[in-house]
Amino acid sequence: MESIMKVAMDKAAEQLIQQFGFDYLQQQLQLQHQNQHNSSPQQPQHQQLEPENEHLTYQYQQSKPTHMQQLACNYQPRHSTTTSSPSSTHSLASGGGSSSNSSNSSSSDSSSINISHISNISNISNIGNISNSNHSNAAYSLAVHSYQKQIESPANPSHVPHHQMDLSPLSENGSPNGTPGAQTPTATASGNTAAALASAAAAAAAATSGGNGSSITNCNSNNSSSSSNAQQQLQLGNYKTNSCWCYGESVCSGIEVEIENNNNNHIHHGETTYHMKILVPAVASGAIIGKGGETIASLQKDTGARVKMSKSHDFYPGTTERVCLITGSTEAIMVVMEFIMDKIREKPDLTNKIVDTDSKQTQERDKQVKILVPNSTAGMIIGKGGAFIKQIKEESGSYVQISQKPTDVSLQERCITIIGDKENNKNACKMILSKIVEDPQSGTCLNVSYADVSGPVANFNPTGSPYATNQNAINSSTASLNSTLGTTIGGANSAASLLVNGTGINLSINLGSPNPAPNLAVATQLLEHIKVAMRGSGYSETVTNEVVAALSVLAKYGVLGMGVGVSHTNGAHSTLGNFLGVTTLDQQTAAAASAATASNVFGAVGQVNLEQYAAAVASAAAASRPTQSQLDAAAVQFDPFRHLGSATAPAATPVSLNNNSFGLTATTGTATTAQLGGLSKSPTPGDLSSKDSKNVEVPEVIIGAILGPSGRSLVEIQHVSGANVQISKKGIFAPGTRNRIVTITGQPSAIAKAQYLIEQKINEEETKRARQIPLTTVVN
């Protein structure tokens, strides 16, 4: 601030001195004309000086006003209530005075003219023998001294932008003129500068009081009239500070700027925005986005919300559903939610059978809403003792369940599944959204891509396996999804389970008897997922439609069969067998058989020596758990091929292995391809109609042995056996007992394997506990 005041005072002194010189020249010219009539001897000298004085006067009049004069006249600072103009400045500074001789010289061009003015004025004063030259007082000397000091150390105002304010004209209604590209002038004057000008003018007026009173009065009157005219012409009120940059708000405005900033934030940002993340089936996401993104763009424009969708092959871990993030006000979020719910109803998903354990009724995907919330928000939705989630169920009429909390630190979200009618689901979503609004941490998980998440993740269907294995995007599927497809179409080893994974599908042609009643509804859904998989792989829309149309014709007449052939199982996709419910031993058996008959893949017969075959299978199964002998003992009655190939039943008679991908049959020796059904013929939809189910009671105190840490044991049992394993909810027991009900669904062989693995887990846990009892006794 001191530097600003210093520059302002120096500039004011410069202007005053210039004005003094102009007024003094006029007075001296008048005195010269009077002296010409009174004293004739001095007339030649006056004639010599008169042209020079007139030249100096003309030069001063033609000089441009200074930067300070223009700014002080045209623009009023934001926080100053006074105005200034060149005329008013002249009127304040008007007055006669005499100057002493100046011996200082100027280094700048702009200052040299003013010095010459002062020196010439001094000469004229000496020649005219004016009595007023003796009345120079200390105040005027101080003003001259300030001007000389300014010459010695010139300051450039352009290098002192400490408090620069952008000014923009006001319109008639008082609002700033927001014309793009308009350049606004800059004001460097302030109230302090105006005060400095006034004080300097007062000092100059006191210094020049004396014999020039009449001329001073005339000058003051003229200057004051010109000042009033200039102020009338300039509409100073039409300018208002629009923005101010300085070293801090406290320098310029204080509370006033703070209020304006708050108002601007309210205008620009509007209502507070919130975030809701939901899961959308892949088959319905295209309808939400629209052709070229037109639908989603129109939705965002109409609602004012932002809708962000994950990429076509980027699914939420453990599912085949894309992630949709909605950002906006609560009203906009609910409008978008209703739109998405309608699109899901128009595009039914393959996972259309999810069992509600409370009502024991099957629910379709179009009656579900899946919401992802952070762990903190999930806790608020559950409420103390489950009070709020119970309230949601009662008031909305929808079934609501939250997935288990994941242990993986990379995934801090839980999935809320809402099942019911559209209106009921909307009411439930509103209640959930109210908790999202209350939670300050609800906006911590705003990502839509989960490509970097690995390990077990929360299952979207909490009634089944609590965790699902995460694979790459096109192969992502939950255990619940696999089991649902298997039970719907005919088991875990079904074409539906095969097709969901997108890759590794063998399409076989059924040349046997026609299928009397092909399941066209299932075929349509399978073909829809083939279409999604092909689009994700980069196929064009034309190619995809042609391929799906051809497959639909084959499926219509029951000619199309889907399954896994030996050639594909031989390492073509390492994780495919697990997803299809094919056990590790089945893959090892198929791999050994394929290696032995590699030269006869498309031939009718391939000779395999069972001794060599048994040795290959035994070596392949040595590293796996459970061992081959244990599984043989559990499933010997269901799988004669594995029984023949076991180490306990060697045979020297070669057995033919038909590896024909078209399902042709042939017999050689004592064994037929009918005994090798899993490897000799790809199943058709007509072959996948049988399923079975079995309930096993497990004590409540030991049910954790089946679940395992983070549910991994249950996932392992399902993958190894190929069966679907469901455990009753906590608190639901078999009648009259404290035993939880474990339901095993699948093919008979898969059920037997799963039951054996469950019993093995229970025995291991009981043995472990029995060993801990003596140790506890000894310690005590």
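Yeah, the Cβs are placed from backbone N, Cα and C, and that goes for glycine too.
Features of the protein shown, as given by Swiss-Prot:
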REGION    31-50  region 'Disordered'
REGION    76-113  region 'Disordered'
COMPBIAS  79-91  compositional bias 'Low complexity'
COMPBIAS  99-113  compositional bias 'Low complexity'
REGION    150-190  region 'Disordered'
COMPBIAS  176-190  compositional bias 'Low complexity'
DOMAIN    273-340  domain 'KH 1'
DOMAIN    366-432  domain 'KH 2'
REGION    674-693  region 'Disordered'
REGION    686-776  region 'Required for RNA binding'
DOMAIN    691-758  domain 'KH 3'
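With DSSP states grouped into helix (H, G, I), strand (E, B) and coil, the domain 'KH 3' (691-758) comes out at 31 helix, 21 strand, 16 coil. According to DSSP, the domain 'KH 2' (366-432) comprises 34 helix, 18 strand, 15 coil. For the domain 'KH 1' (273-340), residue counts in helix, strand and coil come to 32 helix, 21 strand, 15 coil, using DSSP.
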